Amino acid sequence: GSSSPATNWHPLYSPALHSTFILFLLLLYSSIPTATLSSPGSVPTEKATTADPQDMYNRRTKRMEELKQLPICFCLLIGTIIMLLQHLEPTTAQPIAGPPSLSPSPAPAPAPEFVNLTDLLTVAGPFHTFLGYLESTKVIDTFQSQANNTEEGITIFVPKDSAFSALKKPSLSNLSADQLKSLFLFHAVPHYYALADFKNLSDISPINTFAGGDLYGLNFTDVSGTVHLSSGWTITKVSSSVHSTDPVAVYQVDKVLLPEAIFGTDIPPMPAPAPAPEVSPVADSPTASSASENSTSATKPNSSSRMAAGSSHLFMGTLCGVVMVTLLLAM
């Protein structure tokens, strides 16, 4: 059912103040001479004309005494209101909550960008030798299919043409068709990795490649922001980022990745990581928690200020009481 609207009272309204005002009206009514409350027509004219002068004087004196009580009642009202206002805290009426507003639905995420790996490797580079091997072994079809799989993506490590020219021993010409295919499947992992992700990959190496099996895993280490790869036989690094937009990442490497499963176990050692620079100790600075505590203590009133406010309220109430007692005694 529909609920009735809430009444918004004045901030200074209180039942005590309301009751005090009614009491003041009663006192004021009782202080007004009774003769003034009656209409002139209700007083017999012959009684007014034949009244005794002494009686008229007494009634006038009584009326003046009654009128003297009006300032006392007025002071009583003012003093009571001051004491109530000293102790009452204004309260703000809470606004009536309206119906919840419907936030606009977020725009749909843009569709992942489709990357044609053949076009990318043709324009970038020079990666013509690597692309030629991918096409001859049909590995390019496997990579392109994975690139279209936007849930996982693909990361490819592409040697430039000079890396194949520098490759003397072992020679790729002695490999069988299956070994050659496994060699180039070894140059990609079935997941998209940005450059910042390789720092965490050093803890979970080796990472499986498309070639499959533990002997076709890649080890990653992050040395001062440079990504190093160990393929079992080859140790190289990522020299540049050719393309890095989810779901496709293509990174240039300086050497051809030669797996241990094909070229044997005569593995050169990995370079030792460069020592981290020593950082001089920094002087202790105030923490965020202490700073927030200081700011909170600065904004909140302390107990001494509250005691001072209470003392002033008590002083005002006492002063008003003394004034009222003095006026009553002066009657």
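Cβ from N, Cα, C; glycine included.
Feature annotation from TrEMBL assigns compositional bias 'Polar residues' to 36-52.
The compositional bias 'Pro residues' annotation in TrEMBL covers 269-278.
The feature compositional bias 'Low complexity' is assigned by TrEMBL to 279-299.
Across the domain 'FAS1' (114-257), the DSSP tally of helix, strand and coil residues reads 52 helix, 40 strand, 52 coil. Residues or ranges marked as domain 'FAS1' by TrEMBL: 114-257.
Marked as region 'Disordered' by TrEMBL: 36-56 (among others).
Under the heading region 'Disordered', TrEMBL lists 269-305 (among others).
The transmembrane segment annotation in TrEMBL covers 12-29 (among others).
If you look up TrEMBL, you'll see 312-330 (among others) marked as transmembrane segment.
On the 0 to 100 pLDDT scale, the domain 'FAS1' (114-257) averages 92 in this prediction.
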